[in-house]
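Notes follow once the structure below has been shown.
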Amino acid sequence: MVKRFAVIGHPVAHSLSPRIHAAFGRQTGIALDYTAMDAPSESFDAILAAFAAEGGVGANVTLPHKGRAALACHTLSERARRAGAVNTLIRTATGWEGDNTDGVGLVRDLTERHGLDLRARRTLLIGAGGAARGVAPSLLDAGIGDLYIVNRTPERADALADALAMPGRVHPRYLRDIGSLGTFDLIINATSAARDASLPMLQVALANPRTAAVDLSYGEVAIPFLAWARAAGAHDCIDGLGMLVEQAAESFQRWHGVRPETDEIYETLREHRAELVTAD
Ligand code: NDP
């Protein structure tokens, strides 16, 4: 029987995950059925339970359910526990195991595809939602220098810093004070602000000629931040398409025990990037 997988989110209709996993399946010769399932916040648990009852064996979870998904799991991987957010569900005999492949996906894209050396980079993380929680532990593991976290809701930046438990290295700050934080070698936009055309005000002095500026979004949603980064003189301006493909490959490996090659689907999607809608 063909194994069933899904991406669960809201909205999710534009998700590229079904296309990416279908491509990985063809490449590796693994038959799979991977669909997008729309789940408004109040119905996430019911939709996940129905998916399991119908034989679903694995799922990706996207905005806004990554925190909720962590609560629905029987066990969590170490990286999902540290993130407090789950983007990959694996069906086990006793329930769902939760994993988080966002962080390893981002680090692999930055270091292997874009050839960046992340070590000792003074880093600014804008946002403290599910994606920020997923990537922060992996960035620290990859050897970045001090990590400054700002968020529209400051309590969430504080909570993320507390969860990372590295007070000497991780510093939550107020978004309104961003102009006094100095310059950064790595700036990551992990907000969904541009979705409603309200990117926080960023000073050009945040970037220096070595800065890598990364938006976790892709397609139209990434345009305002990357335009700011170019105007600020950042050395590298990178969107989230590579991370998307790499986190999917890591999920695929968790489910199927095989690591797919990612360059071909990345290049195919890149050719159509202007038409892409961030949905994962
Ligand atoms: P969440 O809903 O969990 O978090 C949203 C974040 O954006 C919060 O920090 C929120 O702040 C902030 N935010 C939202 N609107 C505004 C605004 N108007 N001004 C300032 N801050 C704002 O979403 P995720 O963390 O899951 O996703 C964030 C982005 O990352 C999305 O665009 C998503 O598509 C992308 N992403 C890309 C991935 C990839 O593989 N490329 C993987 C995962 C996510 P507050 O706490 O105050 O609400």
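The first residue you see is number 1, and the count goes up from there.
Including glycine, each Cβ sits where the backbone N, Cα and C put it.
Not measured: the values here are computed from a predicted model.
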Given TrEMBL lists Ser15, Leu16, Ser17, Thr62, Asp102, Tyr218, Gln247 for shikimate, the same-site residue among Asn87, Asn189: Asn87
Candidate sharing the NADP(+) site with Glu78, Gly127, Ala128, Gly129, Gly130, Ala131, Asn151, Arg152, Thr153, Pro154, Glu155, Arg156, Gly240 (per TrEMBL), from Leu48, Leu181, Leu216, Leu269: Leu216
Intrachain C-beta neighbours of Asp102 (shikimate binding site), sequence separation six or more, cut-off 8 angstroms: Ala83, Ala85, Asn87, Ala131, Gly134, Val135, Ser138, Met243, Gln247
Among Ser15, Ser17, Asn151, Gln247, which are binding-site residues, the residue with the most C-beta atoms within 10 angstroms of its C-beta: Gln247
Distance, Lys66 (active site, proton acceptor) to Leu216 (NADP(+) binding site) (CA atoms, angstrom): 15
Alpha-carbon distance [Lys66 (active site, proton acceptor); Thr153 (NADP(+) binding site)] in Å: 18
Where Ser17 (shikimate binding site) sits in the secondary structure, as DSSP reduces it to three classes: helix
Residues near Glu78 (NADP(+) binding site) in space but at least six apart in sequence (CB under 8 A): none
